[in-house]
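One structure below.
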Amino acid sequence: MELLVLTVLLMGTGCISAPWAAWMPPKMAALSGTCVQLPCRFDYPEELRPASIGGLWYFGSPYPKNYPPVVARSRPSSAVHESFAGRASFLGDPTGRDCTLNIARLSEELAGKYYFRGDLGGYNQYSFSEHAELDVWAAPHLEVPHELVAGSEAEILCRVPDNCPPLRPLLTWTGTEELLDPIGKERIEDDLGSKSLLGSLRFRPRKEDLGRRVGCGVTFINSSLSFQADVGLDVQYEPQVVGLWGPTEVVEGSDVELGCEAEGRPAPLISWFRGSEVLREEPGRNLRLLLSNVGPDDGGSFSCVAENRHGRHNRSLQLRVAYAPRAPVINGSLWVVSGDPVSVTCRAESEPAAILTVLRGGKVMAAAIYEDHVTMEMRPARPEDGGTYSCVAENQHGASSTSFNISVEYPPLVLPASRCTAGGDGVRCVCMVNSIPDSSLVFELPTRNQTVSDGHRDFTAAPPGSDGSITGILTLRGPLEPRLLVLCAARNRHGTTARQLRFHHPGGLVWAKVGPVGAVVAFAIVIAVVCYLSQSRRKKGAGSPEVTPVQPMAGPGGDPDLDLRPQQVRWLRGAMERWALGVKEGSGAPQEVTPTSHPPMKPTRGPLEDPPEYAEIRVK
């Protein structure tokens, strides 16, 4: 016999110690007039070692202070409640920890909860909160399907309690003679110690079985008791949707009416659905649905469902709502590196499908006709491809557009406006750089072996330009060095660019700063230098002082070993004369310097108009 293991709440006086436990079925059932045998076992701590073991059963409550009716005691001489006198008996042997209870001649008033209390003598008396609930039936229980639909196989169950060992039930079916292909079967069910005889009747109901009564009868061997239960068959047929009408296409903003007609037994409930959403429902034969000011979300599949308790049937129609394109949605590579491919997809919802165009300015970059998307591709991306684009979607009901920006990342570019300007109190160099992302900018002074960056006292960062350029300003105070060379270097994650800055001398500015006295001194210096150079040429190789021009670094294809001193001497003589007369010099376009090359110098060969920028006097 299978029993349910239950946890125990121990109540009463005396010691409370684990493991006290009791086992019994939580629910029992029996037919009125029969009996029920309630299996029960209990346990207690071994250390108690009681001299005697007994017990009793309460009805309705486990608490002695509530004076519940006593059902049965293990000691037969003890009193019990009059309702159970002669009916209930303590079948188990408490010394063997068996607390089985038997109740005969059951009646409906004996249905309820039964509690066991152990008595080990003295104060060792405990009530278990776990209990068995008894249900007394007047007849077998028939379980009929919620729906008996014509043509569908059905099964009716007849359940009979089988918890009285002296009385074993016998089950028969009644009213099955006219049923189509009836098949009866039986089986025993054991639900946590409570047993039932379960009979099943399978058949295929027809419309003509409507109202037919089918039941089950129960008898017992060696007993005159009998029980009967039956039910009338309510065979119905599922509804049918017989009519459906309404438009299949409308324009956004229109009013729409849909109609549905159905029949069935019983009269069906008619419902209008869009997807799983119920829009309207009423019982009857027909139902109309009104949609006002429809939009794109109101389109789709509309279903009319006719339903009763035995089945359902539906039919659907498709409603299409035409509307102008919605704002296009942009997806793709909106941020790329120069040289990488660009792929941007523009998608727009509309009905019908729209003509999609991607524009930059007035130029068509990509187009698609009657599609829900268009893809623009550029291979490879160039810095000039960055900028604002627009996607336009249009159909016969309207148009819409969305603008988007493509950013092309590229290494720094030093702008032509970058240069150095000499003033009376020093040099001011401006470097302007364009790049994406922004670059870090420094000034390199090779002749001083110095790098000036943001944070240095001679470095000033100007506000970003309207074109996104960044500007760094280098201010060098003091006299202008003849050999001063300034490079602007910029770097971001895509590369490094360096450029020699051109020197710009405002006309007459140097001469104005020098003044008449300075002019006399400068003229004397020029005469001395010219004479000195002439002497040097005559005494070449004799160990006398000589003028040694600084050789420029070799450029691509250049020869750094060429002896260019005569030209440098001639240039120096002309340069000093021009400087003394206040002549502006230093024209020429700035030159780009790659990160791996030396800063380019002016060529040492060629006409005198392109002399080296500087020279030095060295006395041996």
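Heads up, the Cβ atoms here are built off N, Cα and C, so glycines get one too.
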275-298, 539-562 - the range that Swiss-Prot marks as region 'Disordered': 539-562
Candidates CYS304, CYS391 - disulfide partner of CYS346 as recorded in Swiss-Prot: CYS391
From CYS164, CYS304, partner that Swiss-Prot gives for the disulfide involving CYS260: CYS304
Cysteine from CYS15, CYS35, CYS99 that Swiss-Prot links to CYS40 by a disulfide bond: CYS99
Residue, out of the disulfide-bonded residues CYS164, CYS260, whose Cβ gathers the largest set of other Cβ atoms within 10 Å: CYS260
Closest of CYS99, ARG117, CYS420 to CYS216 (disulfide bond), Cα positions, recorded positions only: CYS99
Three-state secondary structure, which DSSP defines for CYS260 (disulfide bond): strand
For the domain 'Ig-like C2-type 4' (414-495), the number of residues DSSP places in helix, strand and coil: 3 helix, 46 strand, 33 coil
Among CYS99, ARG117, CYS158, CYS164, which are recorded as recorded positions, the nearest neighbour of CYS346 (disulfide bond) by Cα: CYS158
